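Asks: So TrEMBL has the following annotated:
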REGION    1-51  region 'Disordered'
COMPBIAS  33-49  compositional bias 'Polar residues'
DOMAIN    34-422  domain 'Catalase core'
BINDING   Arg78, Arg118, Phe167, Arg364, Tyr368, Arg375  heme binding site
Amino acid sequence: MGADKPFETTPGNAGETHQHVPKKGPHDADGHLTTNQGIRVSDNQNSLKSGARGPTLLEDFVLREKIFHFDHERIPERIVHARGSAAHGYFELYESLSDITSADLFQRKGEKTPLFARFSTVAGGAGSVDTPRDVRGFAVKFYTKEGNWDLVGNNIPVFFIQDAMKFPDLVHAVKMEADRGYPQAGSAHDTFWDWASLTPESTHMLLWAMSDRAIPRSLRMMEGFGIHTFKLVNAKGKATFVKFHWKPKLGVQSTVWDEALKLQAADNDYHRKDLHEAIAAGDFPEWELGIQAFDEDWADAQPYDVLDPTKLIPEEEIPVKLIGRMVLDRNPDNFFAETEQVAFCPANIVPGIDFSNDPLLQGRLFSYLDTQKSRLGTANFHQLPINQPKCPVMNFQRDGHMQMEVPKGRANYEPNSLADHGEEGGPRECPATGFTTHGGRAANDEQGDKMRLRAELFGDHFSQARLFWKSQTDAEQAHIASAFVFELSKVGLEQVPPRVVARLRNVDEDLAKRVAKGLGIEMPKKAKAARKTIDMEPSPALSIHKNMKETLEGRNVGVLIADGSDAKAVSSLTKALEKAGAKVTLVAPKIAGVTLSDGTEVMADGQLLGSPSQLFDAAAVVLSGEATKAMCGEGAAVQWVMDAFGHLKALGCNEDAKPLLEKAGVMADDGVTGVGDDFVAAAARRFYDREPKVRMLA
Ligand code: HDD
């Protein structure tokens, strides 16, 4: 019930002498809190009332402004790629590329260009989880001296569709279902597979989406791709076709599916936190930018169309030339102002770079500008600090919602002769250095006729899906087949799984059989293919496992300890792991820590219940005999060990802790070690050979 006597609350009440003045935040120059009109606020704790127990007064402009602003703090989330994490950084050029492009950022060796990169999941909402099976967005805004260049790609080099006309259908089908509002952030449901099973061009991408590429270990361990063919144009106007690639310094690494599922429960923000913490610790994520460059004659000789975004160019055919590196060295200061308000647009290109006729790219050129207007509420979104080019912007565009600038003078049109009369005439176009579109050759023989058609080679939907499948290791193939089984097992429309399997028969009979068997359905008749499927030479570059980097850099190793753990073993293990580049997380039953064998007390970095082993890349157990007995009766400890083993990680343990491994059903193999150098070496790997022992894959 109300207080008998009115009382003052702290801090900040008028008249208090001990008022806390923050050093940073919304305040005036002297550190005082103000309203958005700059009026100093005397009390930020109590609304204005008529008497201590009386009604709140409409007059309270401080309260009204605060609540009004709060009510409008959310903006519409992105229709796709709503959940993202971002960072600032720079691009550094290795060698001048002036022979193939006049783009300013590619002219001078060693030149650094500031940039902002945002990584995202596609299907889930802004508040969804980081580790669903999904494609990841990989968008980079380069603030070049000649304007912004946005390379808006994904972590997979091909796409589901060939023509932008199909994008709304794809997105409607994959997002939560229209009537029921679920599932969130996942493709394992009726409408997605109904659509996919009726869309043969999606086949190649489906294989990628069912592969481990769609369950990355970290945003720092993903490749990125510009996907479309672009053009680089040199000062003489000569064009070279290119595909863009990002190669992570830490190597490409993925989780296993069971691990990804459990990560959703263990830590919704697993990827976001990993990126943020690495940058905060000065361990700056790095990628190299590469290009595959080719000319029109080479393109014409290929059995696929380079304008088709469901096709890739094998790296064995055209090697990726590394041209520079991206370093992310600064976290955003404010998630909303930067990560949320950043507006990417594939149409943002600079002189020296140009589009190809890829029909998906052409549609994207319209969509992004349009969506930013609806998301950010104004055509002036380019004035937001995160979107502003870092070079002068001068034109005659005026007004609109939230115009932040105050253009001076009468000149808001062109041509004008105001300068002849001593007034400011405004900017003029620049034929010599301005952006000019590269003309190029006719895209097809009938150019000029209007038609709703696709080019002939676009009709081959299976050759590259087969190429991808054949390029995978046995373990990777088993993951793909099992992912198809998992996803289709969630589909209730009984006509859909047979349609998918019928299509997979065009990719590989064995894959189709394994999926049918996993689902327990009859093998359907092979689906008709629009064009003959050809066998391409397998491309080892498409496999994660064949290219895996054995390293502890950027990896996090969990070490389970308890009272009585051998002090020397814990200390030497920690030192050796850190020397090899790993982060070490000490996990203990209580966060307050443990008393080691020599009496030293150490704090835990994580409590056992809140730090399951899926958070780590490798796991070690250092326990006394007594603690081992206790841990054998603690479900979380048994699960910790069982999951590390099941997720194919190195698992080290000291002699006394062995009963815990036995209890968890751990079987001996190369990845099960002691807690010395053998563990440090093993921790840099995953043990895919173990998998058939721990789960039944399709
Ligand atoms: Fe898109 C966002 C990547 C096809 C329409 N897309 C968006 C983002 C990425 C991509 C990374 C998030 C950018 C950010 O972090 O803010 N999109 C792709 C790739 C595609 C692709 C790699 C195919 C190769 N997209 C695509 C098509 C269309 C769109 C064909 C429409 C015709 N995409 C959008 C959008 C989004 C978007 C609706 C949502 C939010 C935004 O743009 O800013 O306009």
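Backbone N, Cα and C define each Cβ position, glycine as well.
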Asks: Restricting attention to the domain 'Catalase core' (34-422), give the mean pLDDT.
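Replies: That stretch averages a pLDDT of 96.
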Asks: For a quick check of packing: other C-beta atoms within 10 Å of the C-beta of Phe167 (heme binding site), how many?
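Replies: Total other Cβ atoms inside 10 Å, all chains included: 18.
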Asks: Could you check the binding-site residues Arg78, Arg118, Arg364, Arg375 and say which one's CB has the fewest neighbouring CB atoms inside 10 Å?
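Replies: Among the binding-site residues Arg78, Arg118, Arg364, Arg375, the lowest count of other Cβ atoms within 10 Å belongs to Arg375.
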Asks: What is the total of other Cβ atoms whose distance to the Cβ of Tyr368 (heme binding site) is within 10 Å?
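Replies: If we count other Cβ atoms within 10 Å of Tyr368 (heme binding site), we arrive at 16.
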Asks: Counting by DSSP secondary structure, give me helix, strand and coil numbers for the compositional bias 'Polar residues' (33-49).
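Replies: Tallying H, G and I as helix, E and B as strand, the rest coil: 0 helix, 4 strand, 13 coil.
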Asks: Per DSSP, to which secondary structure element type does Arg118 (heme binding site) belong, with helix, strand and coil as the options?
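Replies: Where Arg118 (heme binding site) sits, the three-state DSSP reduction gives strand.
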